[in-house]
Amino acid sequence: MTLTQEFDTIAAISTPLGEGAIAIVRLSGTDALKIAQSVYKGKNLAQVASHTINYGHIFEEERLVDEVMVSVMRAPKTFTREDIVEINTHGGIAVTQEILQLLLRNGARLAEPGEFTKRAFLNGRIDLAQAESVMDLIRAKTDKAANIAVKQLDGSLSKMINNIRQDILESLAQVEVNIDYPEYDDVETMTSQMLLEKTAHFEQLLENLLSTAKRGKILREGLKTAIIGRPNVGKSSLLNQLLREEKAIVTDIAGTTRDVITEFANIGGVPLELVDTAGIRETDDLVEAIGVERSKKALAEADLVLLVLDASLELTDKDLELLELSKNANRIVLLNKTDLPEKLDINQISGDFIRISALKNENLSAVEEKINQIFFAGEIEAKDATVLSNARHISLVEEALKALKEANNGLALGLPVDLIQVDVTRCWQLLGEITGEAAPDELITQLFSQFCLGK
């Protein structure tokens with residue numbers, strides 16, 4: 001266990017700035033209680049029990065600033081393993097900023113982004129993977145993304161990585177003993193075959209973990225989804241239904257959407273970054289033409305394409321062009337306006353399609369099911385499974401797996417065990433970067449700088 005390190009006392013507003021019922025100003029450090037007491041009138045905070053909430057007032061000398069509730073949590077049973085004080089104030093920018101400035105004038109330092117979580121990491125409260133999951137939980141756009149983050153915060157990924165690293169370390173230790181003390185008869189010899197069996201087992205464990213990466217990354221980051229189609233086929237109506245609110249202008253006038261509209265929607269637990277593109281057509285309108293070019297770019301960059309066709313009209317040359325343009329993408333063809341008589345010839349469409357009415361919100365559940373089928377083979381989230389979702393973690397597991405494969409190839413070619421040790425050690429070190437056991441200081445600083453202030 002890492003011993004708590006000595007730091008100065010930091011302060012920051014931990015709730016979003018703006019109007020609200022309450023706001024929280026947080027202190028952490030050796031002098032947290034002393035600094036809070038210097039601006040607080042109520043019970044003596046040095047004498048109250050830990051993990052209690054205490055009523056009082058904040059004063060600037062004799063001037064009342066706010067009526068507050070003050071939470072006192074003593075080390076080491078806190079998030080940072082330091083003394084923590086949280087001042088619950090009335091929401092609003094003026095009051096919270098004034099209280100923060102009072103704390104800073106009385107000895108606290110303004111916290112850097114993510115510094116509270118960084119202290120939790122440095123003091124051994126959480127490891128690096130758990131620290132990153134804190135931000136993933138804050139940024140989660142769906143319940144399934146939040147579930148993955150909570151499991152990682154609880155240590156599911158860390159436990160798996162630590163177990164694999166421990167097994168690798170034991171194998172490396174046995175190799176070292178054989179190299180350094182070959183004359184000892186009572187030490188089991190690690191033969192090439194024995195090491196190959198062990199590294200093959202480690203390789204399988206990492207392969208299994210890596211197989212969750214696609215699902216995890218989608219749930220964490222979302223699917224970039226382009227809604228395409230010629231003008232006035234119902235793209236904006238579809239966007240509004242998926243968002244469950246009116247974000248795009250819906251009219252009968254072609255060219256109403258003159259740019260690219262981007263919003264996030266929760267579709268069955270999958271975050272979709274929906275891009276409602278300008279209708280792709282020839283136009284003399286300069287602004288609309290720019291929107292059309294951006295639409296084509298969005299199509300090229302999309303993870304998923306929703307191609308909207310007007311089922312109440314016959315297919316046009318532009319419809320056929322879009323069908324051809326998107327044929328190699330992860331595409332769902334939507335025959336919209338099924339509330340009107342159908343005139344579209346379905347024989348002109350290759351592959352599956354779904355009939356919907358975006359105007360009346362009919363059959364959109366089938367779109368959700370199709371997305372699930374395309375990207376998750378029908379199972380979005382495996383129960384109790386450890387899932388890789390962070391791009392940094394995925395990259396490190398890929399590199400660790402590559403090192404193991406090189407070790408296995410060397411063993412298969414008959415290379416000495418001591419030469420193979422280099423690749424196995426590299427695998428062990430790479431996995432250690434996930435939890436922070438082997439992460440360089442520069443990486444740790446860079447990761448925590450991405451956190452929000454007050455966390």
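Keep in mind that glycine also has a Cβ here, set from the backbone N, Cα and C atoms.
Here Swiss-Prot flags R26, E86, R125, K455 as (6S)-5-formyl-5,6,7,8-tetrahydrofolate binding site. Per Swiss-Prot, domain 'TrmE-type G' is recorded for 222-376. For 232-237, 251-257, 276-279, the entry in Swiss-Prot reads GTP binding site. Positions annotated as K(+) binding site by Swiss-Prot, on the basis of sequence analysis: N232, T251, I253, T256. Marked as Mg(2+) binding site by Swiss-Prot on the basis of sequence analysis: S236, T257.
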* From the binding-site residues R26, E86, R125, K455, pick the residue whose C-alpha lies nearest to the C-alpha of N232 (GTP binding site). => K455
* Taking the Cβ of R26 ((6S)-5-formyl-5,6,7,8-tetrahydrofolate binding site) as the centre, how many other Cβ atoms fall within a 10 Å radius? -> 24
* To do: Based on Cβ atoms within 10 Å, give me the single least packed residue among the binding-site residues N232, S236.
  => N232
* **Around the Cβ of R125 ((6S)-5-formyl-5,6,7,8-tetrahydrofolate binding site), the count of other Cβ atoms that are within 10 Å** => 21
* Across all the protein chains here, work out how many other Cβ atoms are within 10 Å of the Cβ of K455 ((6S)-5-formyl-5,6,7,8-tetrahydrofolate binding site). => 19
* Can you tell me how spread out the (6S)-5-formyl-5,6,7,8-tetrahydrofolate site is, meaning the largest CA to CA distance among R26, E86, R125, K455, in Å? => 19
* Structure fact -> Whole-number Å distance separating the Cα atoms of S236 (Mg(2+) binding site) and E86 ((6S)-5-formyl-5,6,7,8-tetrahydrofolate binding site) is 45
* **List of residues, in chain order, with Cβ under 8 A from that of E86 ((6S)-5-formyl-5,6,7,8-tetrahydrofolate binding site) and at least 6 apart** => S14, I24, V25, R26, L27, V70, S71, M73
* To do: Count the other Cβ atoms sitting within 10 Å of the Cβ of K235 (GTP binding site), across every protein chain shown.
  => 30
* Asked: Looking only at DSSP and grouping its letters into three states, which state does K235 (GTP binding site) belong to?
  -> helix
* **Inter-residue C-alpha distance, K455 ((6S)-5-formyl-5,6,7,8-tetrahydrofolate binding site) and K235 (GTP binding site) (nearest angstrom)** => 39
* How many whole Å apart are the CA atoms of R125 ((6S)-5-formyl-5,6,7,8-tetrahydrofolate binding site) and K235 (GTP binding site)? -> 49
